[in-house]
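Colleague: What follows is a structure written as structure tokens; I'll ask about it next.
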Amino acid sequence: MSRRGTFADIAADLPAGNDLVTTEQTVLDNIKQEIANYDDVVDSARAAVDAEKSMSLREALRRYPKAAGWSILLSTAIVMEGFDVVLINNFYALPQFSQKYGVQLPDGKYTITAAWQAGLSNGAQVGEIIGLCLNGWSSERFGYKKTMIAALSMMICAIFIPFFAKNIETLLVGEILQGIPWGVFQTLTTAYAAEISPVALRPYLTAYVNLCWVIGQVIASGVLRGVLTWDSQWAYRLPFALQWLWPAPILIGTIFAPESPWWQVRTGQHDAARKTIKSLFNNSTEEEVENSISLMVHTNAIEKELSAGTSYWDCFRGVDLRRTEVASGAWMIQNLCGSAFMGYSTFFLEQAGLATTNAFNLSIAQYALGICGTLSSWLFMTRFGRRRLYLVGLFGMICFLLVIGGMGFISTSNSGAQWAIGAMLLAYTALYDATVGPVCYTIVGEISSTRLRAKTVVIARVAYNIIGIVNGIIMPYFLNAQKLNWGAKTGWFWAGFCIICFIWTYFRLPEAKGRTYGELDVLFENKVSARKFAATVVDQFAGHESSHSPSGGRVEDIDEKKFINGGQGDVVHLESI
């Protein structure tokens, strides 16, 4: 039997029970009534999909250098958060800071009490949750650009509070207020990077957010090591002041940055979206611009028909519930896999028995390895995908945590064991920042529907911060000499959670490598198993009467492949038609 013909012809010849007109076909029929020149839009959108998926990394950099540049600029705001997280958590090991804000121990030394350690560490987390909720509303109403400008302006003002804080209570207020713009940066930068970049650049630009986090950590560790011998208040005031280096230049750059074209299409600003695409796309032709607009219009129309809203409640309805779960789970794993050790690395290494100077030196090496790990993740993601890196990373971290926990039983009396714990922490950091750390940002940025991306990313980050708050409460009690004082033995506690994360990843985390947003819509609509995402061929335009095939050619060119027709539950084998 000939394989030539449109999908409508194939549908007519299918035996009973394999009819192609299903829920997704109904969706397509409905959006035909909403989109003028629907046939032309579909053909144009299909051409955009084919162009994006065939684009190499080199070609993407050549055609989209401005998209990469603007994404990198906005994402650099995350450096401030990475800087302060390390700053406040490792100030607990800085004698000058403890003497100013802490209490004196019987042996004459000063320390920040476990309760205030938890309060300061969680103050920023509370502020971030407020910022996250504001961003979910503001970025959809006013756009990414205006929201970013407002957050950077607030950041400049908020830094004054910890810089001039006379007591620990004022310092807590400063951490909370600084956390609000950080919450905006956490999610806006990821969503912005995901929306202005083509498929080929998406993993690099979203993972760059994690690189910025690690850069901030390296700078903070270096600064803390540098002021360790200062016998004055500037040992802790100067690091606070250095936070002013970042927001002003980023703010100036953001004023000239383009808005997300996906947001412009969602709000009906098609002409503005065309101008934005032309500014991001080097040497673009009118046809290429129209193809990109058509893809955005078609994808937005499908998602609008499927979820019919952009409220937070829509993130928990229908297929979007699973997408919210995946995004939240991927981000929660960052805090459930034992990464709390890295945030408290200097204090932790001190409690494990290392001298303060050596603890600070190792923390610098730790974050330097984190940069190398993040850079290597760019290569790994394009070759192995997201799901496999998560699984490999979690398995390796389980092993490292078990070793760290075991060393904890002998570290107090054995200097070799103390250095072994430091070495394991370095290896753990390198593996984390080559896998779970950066890959998470790519997963969260691409797994949500385009209409609900800002809110899904916000919900996922709130889930991350809630676990972070729990970590901020329990870690000081695990490590503080006045409380549990478990030290390295805490590794076994986190190894148990890391095993749970591995199991969830295996059964629930899908592979989104190389997928367009429309294809992901179809896969989720069909409830495809996470383990089968990578192997399933998808055509978001199936059901449209056209001579195009799922692979971009005619139906006759497909042999022995299976694909999902526009979101139908059945997998159709063309060779059997």
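Using the three backbone atoms N, Cα and C, a Cβ is placed for every residue, glycine included.
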Colleague: For the feature transmembrane segment as recorded in TrEMBL, pick the matching range from 79-97, 364-382.
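Modeller: Residues 364-382 are the ones TrEMBL records as transmembrane segment.
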Colleague: Are there residues at least 6 beyond the ends of the transmembrane segment (456-479) whose Cβ is under 8 Å from a Cβ of it, and what are they?
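Modeller: Same-chain residues near the transmembrane segment (456-479) but 6 or more away: 92, 114, 117-118, 121-122, 125-126, 128-129, 132-133, 135-136, 183, 186-187, 190-191, 312, 315, 320, 323-324, 327-328, 330-332, 334-336, 340, 343-344, 347-348, 351, 444-445, 447-449, 485-487, 490, 493.
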Colleague: As a test of reading the model: what is the averaged pLDDT for the domain 'Major facilitator superfamily (MFS) profile' (70-513)?
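Modeller: The average pLDDT of the model in the domain 'Major facilitator superfamily (MFS) profile' (70-513) works out to 86.
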Colleague: Are the transmembrane segment (207-228) and the transmembrane segment (416-444) close enough that 3 or more Cβ pairs fall under 8 Å, when only pairs 6 or more apart in sequence count?
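Modeller: Yes, the transmembrane segment (416-444) contacts the transmembrane segment (207-228).
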